[in-house]
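**Q** Mind looking over this structure? Questions follow.
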């Protein structure tokens with residue numbers, strides 16, 4: 001039986017998505033097109049004034065399935081004559097165009113530099129399990145239809161996790177790129193750019209992880225022999241998401257250091273996909289910690305260890321980290337500070353004022369010992385980033401790709417003096433110290449992009465008793481990257497499909513903060529994530545409008561209703577094309 005696009009997308013996540021809601025009487029035989037989606041009467045359109053925030057989102061109504069008979073009835077045997085013109089009018093790739101002819105494609109020059117162009121290109125993260133354990137593309141037909149839909153909507157490209165635990169799973173230096181070669185070829189075919197993430201971490205145990213992909217077998221075998229290769233907290237709990245940076249330069253992995261393993265992996269990727277670098281593959285995001293972020297695994301969700309908005313815990317109690325701490329203390333003339341990390345910093349789910357170390361008055365964080373420890377702890381993270389970036393920039397030099405690094409948006413307890421959750425993660429950011437400027441400066445030395453999360457969040461949406469402040473945090477990072485002259489890119493931390501979140505992303509990506517150049521915008525935005533909900537008609541219509549607004553840039557002042565009306569017309573007109581593409585893939 002032929003399945004529509006939404007059902008194929010549902011198969012991507014191993015779940016089924018119901019069909020769209022129709023107006024008026026809800027029936028299982030409702031016609032399968034987007035004309036049934038809620039439309040805004042022209043007389044009732046109200047354009048928000050520039051800078052005026054949208055109202056909070058309404059909940060999406062329940063979904064109603066439709067019959068297979070009517071699904072088939074609406075699918076025309078050929079493309080509608082007005083389809084190409086409609087796509088061109090909306091500024092996206094016509095279904096009849098080839099990728100090579102697409103005027104919407106961005107030309108990428110040597111060194112990963114983009115031609116001068118207003119607006120912020122939007123990428124979409126692929127499912128975490130896009131490549132299977134058998135090294136093939138997962139649900140290939142649904143993936144192909146999805147990529148076609150994304151391209152038709154004006155999306156610039158996709159982000160793909162290239163898992164160390166899949167590619168080099170069996171033995172050191174034995175790389176299997178099978179599924180990734182196929183997936184990258186699909187992206188090239190559809191004219192989509194690719195941000196390739198060198199994912200040296202485990203998948204599973206973090207927010208949004210929908211599958212489990214451990215580190216390579218031979219790496220976990222070495223950890224079993226020497227548990228101190230794993231990050232460790234003060235209670236001896238080991239974290240297996242990512243190798244401890246304390247052993248970065250030690251030959252603990254069958255004669256190679258972890259940094260050498262990461263470099264060899266990136267070099268093999270470069271050599272295997274050199275024909276796509278700079279054209280299809282335009283960015284290499286280098287994983288540097290759990291969830292691919294430059295941080296310590298201080299707030300692990302696995303087994304309920306940590307729950308939001310706990311302060312987390314320091315991860316410096318493996319023998320390699322403690323050896324470094326001891327050497328640093330002796331060098332500072334304070335050997336008594338080198339025997340252990342703080343033991344009065346509470347537990348994962350404490351709040352700052354619960355602990356002697358993080359409390360605002362007389363807290364250990366603001367003492368000479370606290371300053372020594374936090375400087376060492378954060379500098380170890382910076383040195384880790386420096387080592388891996390040095391390898392990455394050398395390996396991809398002249399390949400025509402950007403190098404980027406992802407930094408976590410830890411916004412809870414941001415309003416406190418100590419910023420405890422940021423400190424345990426390795427960001428030495430307090431009320432009296434900027435912890436993001438040193439990171440930005442380190443990235444600047446290597447010409448890398450600073451990629452930051454929580455762009456979609458507003459302060460008032462978060463628990464105020466935990467003094468959450470994502471908007472203030474994003475502003476601080478924007479100022480730090482501006483001062484260091486580092487490009488800033490963004491991601492949403494959690495899935496959102498409403499205009500309220502879209503409007504916040506638009507505002508944040510415009511980088512309208514004090515001291516920023518008028519023409520400065522984020523260099524890219526990556527949307528989390530492609531899944532069945534994105535292709536629900538209401539969500540898809542809003543997403544298409546969002547992509548259009550992002551591409552227009554900060555100089556455009558058209559209201560949401562105007563752009564969304566265009567998007568609705570576009571979605572309606574292109575529905576036959578999307579349906580036909582999906583059906584053709586099933587035969």
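Positions of Cβ are set from backbone N, Cα and C atoms, glycine also.
So TrEMBL says this about it:
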ACT_SITE  293  active site, proton donor
ACT_SITE  491  active site, proton acceptor
BINDING   161, 201, 209, 406, 411, 453, 492, 493, 529  substrate binding site
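For each feature listed, report its degree of burial, its nearest neighbours and the pertinent distances within the displayed model.
**A** Annotation for residue 491 (active site, proton acceptor): same-chain Cβ neighbours under 8 Å, separated by at least 6 residues, are 125, 406, 451, 452, 453, 455, 525, 526, 527, 528.
Around residue 411 (substrate binding site), a 10 Å sphere centred on its CB holds 26 further CB atoms from the protein chains shown.
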**Q** I'm trying to understand the geometry here, so how far is the Cα atom of residue 161 (substrate binding site) from the Cα atom of residue 293 (active site, proton donor), in Å to the nearest whole number?
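**A** Between the Cα atoms of residue 161 (substrate binding site) and residue 293 (active site, proton donor), the distance comes to 13 Å.
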**Q** Just to confirm: which same-chain residues, 6+ apart in sequence, have a Cβ under 8 Å from the Cβ of residue 492 (substrate binding site)?
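**A** Expected: 453, 454, 455, 456, 501, 505, 527, 528.
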**Q** How many whole Å apart are the CA atoms of residue 293 (active site, proton donor) and residue 411 (substrate binding site)?
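**A** Answer for this pair: 15 Å between alpha carbons.
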**Q** How many other Cβ atoms sit within 10 Å of the Cβ of residue 161 (substrate binding site)?
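**A** The answer is 24.
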**Q** At a 10 Å cut-off from the C-beta of residue 529 (substrate binding site), count the other C-beta atoms across all protein chains.
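**A** Step by step: centre on the Cβ of residue 529 (substrate binding site), count other Cβ atoms within 10 Å, giving 19.
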